[in-house]
Each structure stands twice: as C-alpha cells, then as structure tokens.
Amino acid sequence: MFENSKKVESSSSPSEYDEPRPSEAGSANAPLTRPPGVHRVCLPPCQTSVQKLRRRLLEIFFPDDPLHRFKDQTWFRRLVTGLQCSFPILKWAPHYSFKLLKCDVVSGVTIASLAIPQGISYAKLANLPPIIGLYSSFVPPLIYSVLGSSHHLAVGPVSIASLVMGTMLSEAVSYTAEPALYLKLAFTSTFFAGLFQASLGFLRLGFIIDFLSKATLVGFMAGAAIIVSLQQLKGLLGIVHFTSKMQIIPVLSSVFNHRNEWSWQTILIGVSFLTLLLTTRHISSRRPRLFWISAAAPLTSVILSTILVVCIKSKLHDIQTIGQLPKGLNPPSARMLLFTGGHLALTIKTGITTGVLSLTEGIAVGRTFAALKNYQVNGNKEMMAIGLMNIAGSCSSCYVTTGSFSRSAVNYNAGGQSGVSNIVMAGAVLITLLFLMPLFHYTPNLILAAIIITAAVGLIDYEAAYKLWKVDKLDFVACLCSFFGVLFISVALGLAIAVGISVFKILLNVTRPNTVSLGNIPGTQIYQNLSRYTQAVRVPSFLILGIEAPIYFANSTYLQDRILRWIRDEEQWLASNDICDLRCVILDMTAVTAIDTSGLDMISELRKMLDNRSLKLVLANPVGSVMEKLHKSNVLELFHFEGLYLTVGEAVSDISSSWKDQP
C-alpha cells in the first residue's frame, strides 16, 4: 500500500492530495509535485464491495487457506486430498511401519495403565457410575484416531470437565435419588457438547474459545483443582454423609462436622497410597526418562489396594469399595437422550460449558506436543474430531471426553508416534471390559480419591501464576478473580467470571488505547517513544503522537480527549522551559489498522479544533483501509497537500522546510 515514488505514480491516479502548497499557489514557479524525497500517500487498489466482503470473510474464517492443497491438481488427486483432510488417518497410514507400531504398542499399553484407573475415578467425580468412565475410554479414542490430527493426544475423561458436569447437573437433579434421569442428562449434555464443538469447527468459529485467556484459565484450573481435591476428602477420610456443594466453605464445614465418621483405617491406607502416588509423580517430573513410574503407579495402586482389601476385608468393615461393575461392551444410549422436557435448557448449558472447557484443554494439549515434534495441528479439524467423538460417545454410554494432558504426556514420553496408540489403549480397555471387571469389585474408593487428588495437583501451575505477576499485573488480577470465584462462589460462575474478565480486558484495551509521544533519534529518520528511549529528542515546534490501536466508536472520544491533553501538556512544558511555541501535531497512524465513522468524525473535528488554535494537524502513514475511508468520507479534503505523509520523518523535514521558505 505504501510504495516508493515510482510505484506510487503507476498505481495511483492524480488527486487533490497532490496540489501545491497554498503559499505557493500564486507563484509562477510553484511546484506541481512534492519536493524530492517526499512520497505521496496513495489509495489502495479499487475494489467493489463484494470483493472487499469476500476478502474480509476469507481472512476471518480461512486464515490458513485450507483449499491451497487442491490447486493445480487432477480430479482424482483432489478426491484423495479431500479424503485425507477429512480423515487424517488416510494421510499417515500408507507410510506406517512395523517400527512405528512397536512404539505405539508400548505407549498405548502404558497410557491404558493410567487411563483405566483415571476413567473410573473421573466418572465418580462426575457423579456417574464408574463403568461409564471405562466406556468413555473405549469408544472416543477409536473415533479420534481416525479423525484427529494430533499424533500424541491421548483421549479420555478429564477431571475439570467431569467436575463441571457433576456440579451443574447435581444442582438440578439428585444423582442418588434419580440415577436414571441423571444418567440421561449426562448423555444429553455430552451430545450438546459434541454438537457445539463440531459446529465451531465446521463453521470455523474457533476464535470463540480464545475468550478464555491463559491468565483466567490458570486461575480457574487452580481453583477447580482445589475444589476437586477437597471433595475427595470424602473417600480419603471414609465419610459417608458428605455435602454435594462445590464451594470451599461448605466442603470444609462438611469435613469437620462429620468427624465422627472418620475412619482411621481408611485414612491410614488412603494417605499411604496418596504419598506413594505423589512421590512417583515428583520423581517422573524431575527425571522425565522415568515417566513410566508415574504412569504405572495408579494401576499398581489399584491392584495393591484391592489385594489388601480382599486379604483383610473381614477386619476392615469401614472401608468403602466400588462394588459390582457390569461386564461387556458399551450399551447403546441414543434412546436415552432427552430433547424435550424441563431439563433441556440445563443440558444445553452444561453441554456448552463442558464443551468449551474440554475443547480448550484438548487443543492446547495437542498444540503443545505438536510444537515439540515440529508438526502442525489444525484447530478446526480438532474441534470437529473432538465434537464428533463426543456425539458418537453420547450414543454409546460415554460422557464428555477430550485430550488429557497427563495421559498425553505419558504417550509422548513413551514414544507414541501416531493415533495407533489410542487404538491400542482402547484395545486394552476392551479386554478390561470383557474379562477383568469382577476384579474391581473390592477396589476401595479411597484409592480413586488418591488418584484424583494426584491428578488435580498437576493442574495448579504456580510458575504460571508467578510469571503473570511479573509480566502483567492485570492478567494476574484476572487470574485471582477466576481462582476465588471458583473457590467461594461456584465452578460454573467461576468460569463465567473468567470469561467476563477476559472480555473486560479486551474492551479495556479497545476503549482505552495507548498513545505515546515520539521523538527523533539523532542522526536517523527514526522516531520512537520519548519515555522509552532516552536518546530520543523532541523536535522543536512539533508534537508527534503515536496511536497504537484502531479508532472506533468506543474509543474515539477518549482519543480526542487524550490528544488534546497531550497538546496542553506539551504547551505547558514548552512555556515552562522557554522554548519556541508548538506549531504542528503529527499523528503516526502506522498502528491504526482500522477506523469507523465515529473515528472519521473525531479526526475531522480535531482538525477543525486545531485550526482554530493555529495548529497544523498531519497524518503520517495511514494504512490502506484507513486511507480509503478518509478519502470516501471527504475528510482528506481538510488536509490537502501538507496533511498526509508516508513517514513521520518526511513530514517533519518537509513542513520544516516550508516554514523556512515563509517570510
């Protein structure tokens, strides 16, 4: 849009912005073009409204240009490419080798040893039968292995989505009094979660989930992790009557009000296994090569605790166990979906909430490990894969699933190379469902509580919170607000607070954009922030301001007031230092990427106000879209020849020379 003088003349037609200076208009020798070294600011190439709309929509919804693979291809090759885009397994399967299979089998078996106990534990966290957790570790991984683009994402139930679903549904329906209805609502919520996720991917609206900023997610995850851990005190202490509320005060009150139900045998065994799990997790985090220790610890703990209960069950009557679990594959649940009745709004709300959380976690985990292995994960494809996975899961007795960070980390460290590791994991779960379910009859609830607490501890990111404090105090405040919102209000409202703070931060940056005073770095044509660069100096008679945001209706009034304040402060500073008066205000528009009609009115009004004060207003380097709107609104007629420049340096040198020519 801003080229050298040769390109400008070939792409721009003569206009009123190339008129001679008014002071020279009456002279016979008046120049008809700009002085040497001063370039014209040209308009962008002419486009119709349809062309502009098409270009804008492509930038919004197709920034990655997904159709570039189909260019210059035969119809057969386009068909193959289309199938590979829809089913990523078709892209890597032809090149799959026995060497990769060995790596995937090892990693698949390893993550299965973690997924089986976690699946049972997280199902109880969602107030669902434990078997639902195993069902959710079988069908969804198979779907994802075909549709997903990540090579390392290990799919299954996760703690945060389980907690949120359990909290939101139990507020309306008791899972103990109406277990059948509760189960139907869970499956229906999963269906809506999948539908929402797949719709975001299909319509390429993934930017919606970006409203959950990292700062608010850090606080939300930490608060939810503490609530999850405190809720597990029920199983760890052996309490029978426990509150269903998810706030920190009711939970702690319930713990201490039921001290008479504490079982010292449960506490002793539970704390012992919790210590073991935390120790193995610490070892693996300090020595990544020993990842298999923390990966195998949950299943090992389940086996050992079950054997212990079986051996001494006659003496340990107070220890609660899982009980009988049904054998067999996932039963169909499509007929259990409720699309009518008074709970429809609840299931939609729960589905969207858990869908956003699980989508955010799954895509973040997938991109993290993709960056480590230098390949790309397509966000929209991931949304559709996770969404279709949950839709299929809702029809096969599964609840909300996504990519788990802990299992994906184990998959990565174990050498997983492709989606086959998910297939191997699903195969291990299948064997468990068909043949090993009776072995879990005497598994104590305390070990499930210990597994959940161990996983929840990993969600508390102290280092990220400290980094937020060091880098951005506003982000840290947002983190604290979402953290305390989860702890003291509720998980759902804590999430709403997190989204609200993220939106507020965006609005704050839009409505209160940054403006800076610029100075010249001696010996160069570079102009930088005076308060940032000590070597930068003021240019006599000039006030140069940089606007670092688009100009919209939401900030136009603020910008006008702020610019006038800059002018007032500059005039006071010049007067106090007995320096020449201010004569020109230059607005560096380089960072102004867009402007609306309110912004145009502000520029026009500001120009007239400064004219009345005998001050010249100059615009430097307006981008193409801004230049076009200035032209169409006739605002440029106020500026003429000396009102528009390609750079601040050219504006200063040209205006200064024109002042020297004046008597």
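Backbone N, Cα and C atoms are what each Cβ position is placed from, and that goes for glycine too.
Worth saying up front: this structure is predicted, and the values here are computed from it rather than measured.
What TrEMBL annotates here:
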type	residues	note
DOMAIN	532-655	domain 'STAS'
REGION	1-33	region 'Disordered'
TRANSMEM	153-175	transmembrane segment
TRANSMEM	181-203	transmembrane segment
TRANSMEM	215-242	transmembrane segment
TRANSMEM	262-278	transmembrane segment
TRANSMEM	290-310	transmembrane segment
TRANSMEM	423-440	transmembrane segment
TRANSMEM	446-464	transmembrane segment
TRANSMEM	476-504	transmembrane segment
Averaged pLDDT, computed only over the residues in the domain 'STAS' (532-655): 90
Residues from the same chain, set at least six apart from the ends of the transmembrane segment (181-203), whose C-beta lies under 8 A from its own: 61, 126-129, 132, 165, 169-170, 172-175, 209, 333, 336-339, 343, 346-348, 350-352, 354-356, 358-359, 379-395, 397-400
Contact between the transmembrane segment (215-242) and the transmembrane segment (290-310) (3 or more Cβ pairs under 8 Å, separation 6+): no
Residues from the same chain, set at least six apart from the ends of the transmembrane segment (262-278), whose C-beta lies under 8 A from its own: 235-239, 294, 297-298, 301, 304-305, 308, 316, 318-320, 444, 446-447, 449-451, 453-454, 457
DSSP-assigned states of the domain 'STAS' (532-655) in counts, ordered helix, strand, coil: 61 helix, 21 strand, 42 coil
